[in-house]
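> Sharing a structure below in structure tokens format, with a few things to ask.
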Amino acid sequence: MAPRWAPPAGLVVLVALLALLLAAAAVVRGDKPVRGGASSSVAGVETEASSAVFPLYGDVYPHGLYYVAMNIGNPPKPYFLDVDTGSDLTWLQCDAPCRSCNKVPHPLYRPTKNKLVPCVDQLCASLHNGLNRKHKCDSPYEQCDYVIKYADQGSSTGVLVNDSFALRLANGSVVRPSLAFGCGYDQQVSSGEMSPTDGVLGLGTGSVSLLSQFKQHGVTKNVVGHCLSLRGGGFLFFGDDLVPYQRVTWTPMVRSPLRNYYSPGSASLYFGDQSLRVKLTEVVFDSGSSFTYFAAQPYQALVTALKGDLSRTLKEVSDPSLPLCWKGKKPFKSVLDVKKEFKSLVLNFGNGNKAFMEIPPQNYLIVTKYGNACLGILNGSEVGLKDLSILGDITMQDQMVIYDNEKGQIGWIRAPCDRIPNDNTIDGFDERYCWPQFPGIMGLPNEDCPAYYRSNKE
């Protein structure tokens, strides 16, 4: 939903920007002739809507985010962007000049006057509407200013600019569409740490979102997906060439005039094969949140069920990483050491239409540097979310999650997220969706479920 300024122990939705991994580069393939079919002109070059795939870097713990490298400007320069499906605006810290910027991996983006988006531009109006702010232009030559405020009391002030984004598409063509994004020259943040990213990649449903602009320019369809690996890294894609439509579990998006979130609406919550008799009234899929947040009632119901089911070998312990943690007879090295002590959770979306998402223990637990197992589902009421529940990165790991704005649906399927797809193929999907093994919920035979994919075998 926003950049992650505060540390994981701070119990806020937006988790730490700490020093991260390696330099990233877009996945590219050798040049090939552009296929025939519907085409459009991008920066004067005829092309057809295709797909683009990028590697992701980062993890849920200890770094607290997943990010991508994108090449922006002319000549193109690399910038690291925090992948955020919970917000619309893509922005970079920039030298406009900068009033308040923290240290970032690359030199600050430097805009030129001819790149400024005027206040009268429709994208400026859309940006302000998405921020629930009044849009007023005193002059047709006025620039498009904005202020974004975040849940941890941080903020970014900037101006909307246009510049080219260089992408190599799956069909072999190279495109450089000119897209609008934010030049943030004044950041007020709650952490003095150096940021591992230069800004945020906004992938929400609003028209100022990068995804929407790709669609408008005919670069890709209005479809985006990500695959976050439990081992760290993963991949991000635009367009639908990689989507195995027949094997994905789909649920309709619930649209809100006030929020550009990806939401399937409400969900019933199960622990093991038992209903907790509570609902998550509004669920949002948000790659901009490292952890998952439940509204107060389902959170308390989950904690009660967890504590009542644990073996005596696990003892509750204080850990600065997260509020609720357990230790074993000896320190845990990974989630695989402790997952057998916990049951899966299941979310049932679609008002009884059997759009199930299984959340195994490794999708709601982390093992900290102290060797403790900690619950990566937090109480959303403590950070001001009220009835909103957020499915963050921890819950979406080792799943391909697809946001299909063309058909108004959200989908997911277990997938090999530690493998970047080659030649528009995903290798290793199950032949069918692997239902959670709780026949009392599904009304299905309790047959053994195969491993989700080869690389997950222990």
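Glycine too: its Cβ is placed from the backbone N, Cα and C atoms.
Sharing the features that TrEMBL gives for it:
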- 1-30: signal peptide (SIGNAL)
- 66-413: domain 'Peptidase A1' (DOMAIN)
- Asp84: active site (ACT_SITE)
- Asp286: active site (ACT_SITE)
> Please report the number of other Cβ atoms within 10 Å of the Cβ of Asp286 (active site).
27
> Could you measure between Asp84 (active site) and Asp286 (active site) for me? Cα positions, answer in whole angstrom.
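Here the two Cα atoms are 7 Å apart.
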> If you draw a 10 Å sphere on the Cβ of Asp84 (active site), how many other Cβ atoms land inside?
27
